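> Sharing a structure below in structure tokens format, with a few things to ask.
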Amino acid sequence: MEMLGLYPTWYEPTLGSGWVLGVIAVIHVLASHTSVGAALVTTWLATVAVRRDRPELLEYVRRYGVFLLVFSYVLGSITGPGIWFSATVASPRGLGALIHTYVWYWATEWVFFVVEVVGIYLMVYLAGRVDRQSYLRIAWIFGLASWATLLVIVGILSFMLWPGQPAWFETGSSLDGFYGPYTFAQIASRTCFMLMAAALAGGLIASRIEDTAFRAEMIGKLSRLGIPAAVLGSVCFQWGLATLPESAHVLLKTRLPGYFVPTMWAILVAIVAYFACLLARPDWLRPSLAAGMMAGLLVFGIWPEERARESMRKPYVAGQFVYANQIVARAVPGLGVASELPRLQARGLLALHPFVPEPLRTVTPGNPLEAGQALALAYCSNCHGLGDSGPRPLAAMFGGVRDAGRIEDFLKGALATGNMINMPRIPLTAPEARALALFLAGLPVWQALNP
């Protein structure tokens, strides 16, 4: 019998595999977005410095470049491969779907990234060592290459949420999936966010300038950049939300915690107020304050936004055709991809998963709990903890109900039919539904016996 092309499940009981990936990704977003925004800012400053003969500005650009090398490029070079590694083990088929569709786009992005990395080294080490026009050309190549990486990656990120054009499901064309209304809204909102992050990071360097007048000038420039970038970024973010399908809006309204919207507004107001205060009193800026604002942006800005983006695409992980539990749920004729749900409905996951132990391929009177655990691991553990820890732990589900019959009715009535907007359709054979229900009902006892 031909098996499904599934991989072993990586189960992380404390955080959950999705959160491990999410934590790494959030740190990477801060590092990468700061680097792109800073590339645009330093290109602008280098242009001003050359045209107005401002050597002190060129020195500021060089110092900003040193900061980027240490913060964005070292940290980004650690978390970038960390994302690839954690995504490979947490969501191999989701990542595979992206690679099969966009491998050459990623290759293009990496070419721009290499140019960007070489550019930042040249910006730092050639400052004052080459003529100013040559330095300016390097700055522009660096800035444009850095922003080009955004243009490529945003299309892939948009596809992860929703293919740009409905025709993609029939054609499988990478361009049909790449370009859509949300793509352009994301380019605008992320560019603004990058400039805002660069203004915050630039304050960290400006706070150490000894010349009082130049220090105040740079803080003023960065603040006058940060305020419109923050405000316009929030407008573009709302534009992006307006382009989303109805299902995404339903998920945003029902699945995100109540503090999400107030938190996003609070961080926006705090950042605008921060820059406004610095415009009035540049002498207030200290390295500790600038670093604290960067940390606040990470915790209260990036993390909630990335969590919202993750929630909006549930139950899918890529392109509205691969579930978070790695099951291919929708046919894509253009790619030669068929839905796996009919086969699972007919044969069951235990019989078709290549990494299920042989004794568990058939549910018997002697193995229902072990078979139920295998089903929960494969179907549920990408989004749920299998005990009382981890994200959305299964032990806390079902309102405390421990009646296997009622849980089985829920599995057959809601999950097997796909009637929950944020949950994948889980086609279970009758023996599998009974085994999974028994496992879920007996979770407290199972945990006690298997600590």
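Placement of Cβ uses the backbone N, Cα and C atoms for every residue, glycine included.
Reproduced below are the annotations present in TrEMBL:
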| type | residues | note |
| --- | --- | --- |
| TRANSMEM | 20-45 | transmembrane segment |
| TRANSMEM | 66-84 | transmembrane segment |
| TRANSMEM | 104-126 | transmembrane segment |
| TRANSMEM | 138-162 | transmembrane segment |
| TRANSMEM | 182-205 | transmembrane segment |
| TRANSMEM | 225-244 | transmembrane segment |
| TRANSMEM | 256-277 | transmembrane segment |
| TRANSMEM | 284-303 | transmembrane segment |
| DOMAIN | 367-444 | domain 'Cytochrome c' |
> Please report, as numbers and ranges, the same-chain residues at least 6 past the borders of the transmembrane segment (66-84) whose CB is under 8 Å from any CB of it.
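Contacts of the transmembrane segment (66-84) (Cβ under 8 Å, skipping residues fewer than 6 from its ends): 21, 24-25, 27-28, 31-32, 34-35, 38, 95, 117, 120-121, 124, 201, 204-205.
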> If contact means at least 3 Cβ pairs within less than 8 Å, sequence distance 6 or more, would you call the transmembrane segment (182-205) and the transmembrane segment (104-126) in contact?
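Contact between the transmembrane segment (182-205) and the transmembrane segment (104-126): absent.
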> Restricting to the same chain and to residues at least six past its boundaries, which positions have a Cβ under 8 Å from a Cβ of the transmembrane segment (104-126)?
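35, 39, 42, 46, 61-62, 65-66, 68-69, 73, 134-135, 138-139, 141-142, 145-146, 148-149, 152-153, 155-156, 174, 178.
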> Please count the residues of the domain 'Cytochrome c' (367-444) that DSSP assigns to helix (H, G, I), strand (E, B) and coil.
44 helix, 0 strand, 34 coil
> Who are the chain neighbours of the transmembrane segment (20-45) in space, where the CB to CB distance is under 8 Å and they lie at least 6 residues beyond its ends?
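That would be 12, 57, 60-61, 64-65, 68, 71-73, 75-76, 79-80, 82-83, 86-87, 90-91, 116, 119-120, 123, 139-140, 142-147, 149-150, 190-191, 193-202, 221, 225, 294, 297-298, 302-303, 306-307, 310.
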